[in-house]
Amino acid sequence: MKQGIHPDYHAVQVTCSCGNTFVTRSTYNGDHMTVDVCSNCHPFYTGKQKILDTGGRVARFEKRYGKKAK
């Protein structure tokens, strides 16, 4: 590898707005980063995700093609 062309890759402490903190490695300038959402509070990872039906498109699709039974 060429010397002096790669960014500094170092440990960074990340703090989420929910209070969760963890350490990762990054090229971010600084030793501390604040984020709004992390895997501890994101709806996808917590299981609280909701499907948004915009304009009844899902209902119209299910009516047209039928909802498959599991």
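Placement of Cβ uses the backbone N, Cα and C atoms for every residue, glycine included.
Straight from Swiss-Prot, the features:
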BINDING   CYS16, CYS18, CYS38, CYS41  Zn(2+) binding site
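The most densely surrounded of the binding-site residues CYS16, CYS18, judged by C-beta neighbours within 10 angstroms, is CYS16. Over all protein chains present, the Cβ of CYS41 (Zn(2+) binding site) has 15 other Cβ atoms lying within 10 Å.
The Cβ of CYS38 (Zn(2+) binding site) has 17 other Cβ atoms within 10 Å, all protein chains considered.
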